[in-house]
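Copied over from Swiss-Prot, here are the features:
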- Lys112, Ser113, Thr114, Tyr115, Ala116, Arg117, Thr136, Leu137, Glu138, Gln157, Tyr173, Gln183: dCTP binding site (BINDING)
- Glu138: active site, proton donor/acceptor (ACT_SITE)
Amino acid sequence: MSIKSDRWIRKMAEEHGMIEPYEPGQVRFNEAGDKLVSYGTSSYGYDVRCAREFKVFTNVHSAIVDPKNFDENSFIDIVGDECIIPPNSFALARTVEYFRIPRDVLTICLGKSTYARCGIIVNVTPLEPEWEGHVTLEFSNTTTLPARIYAGEGVAQMLFFQSDADDICETSYKDRGGKYQGQRGVTLPRT
């Protein structure tokens, strides 16, 4: 497998709809000239934006967190340009971008250092071959203070790895009917 460059990312987004909406360059300032956490195409990746919908974890019901039987009441829904994550807690969000991953590509998501250096960690499982949807993002606030994340700005970087022609996967995410196929919005755990 080889990592793919900005030229390949641009071609796949513009000609095959791999990333929608797609930004061909790096955006570092908003229309008013204010600094942003950058997003868009980089040399060997694509920096995704966080949408305006968030689910912030709360322990109001003193429930046990169980991935097989997850209680939706464990979250407070927030819609806005920013989200405050309580200390030692987490929030879910989604990308602005909708992805359509080709059959011969595996995509890995890494958090942006701007957030990591503030103790905010982004976790996303790999985007498997032929998966499509909005990416659900998990933000962990590892600090003892409230932490802020911004909608419409860069939060993580996607890296695209393409397999050799003779090593394309036998069964894709779509082939096996993956439970998160085509997800839109912030998606909670499914079993």
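Each Cβ is built from the backbone N, Cα and C atoms, and glycine gets one as well.
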Q: Can you check which residues sit near Thr114 (dCTP binding site), meaning Cβ under 8 Å from its Cβ, same chain, 6 or more apart in sequence, and list them in order?
A: Val37, Gly154
Q) Under DSSP, is Glu138 (dCTP binding site) helix, strand or coil? A) strand
**Q.** Listed in sequence order, residues with CB under 8 A of Thr136 (dCTP binding site) and six or more positions away
**A.** Leu92, Ala93, Arg94, Val124, Tyr180, Gln183, Val186, Thr187
Q. Per DSSP, Thr114 (dCTP binding site) is which: helix, strand or coil?
A. helix
(Q) Looking only at Lys112, Ser113, Thr114, Tyr115, Ala116, Arg117, Thr136, Leu137, Glu138, Gln157, Tyr173, Gln183, which the record lists for dCTP, tell me the maximum pairwise CA distance in angstrom. (A) 33
Q) What is the Cβ neighbour count of Ala116 (dCTP binding site) at a 10 Å cut-off, with all protein chains included? A) 13
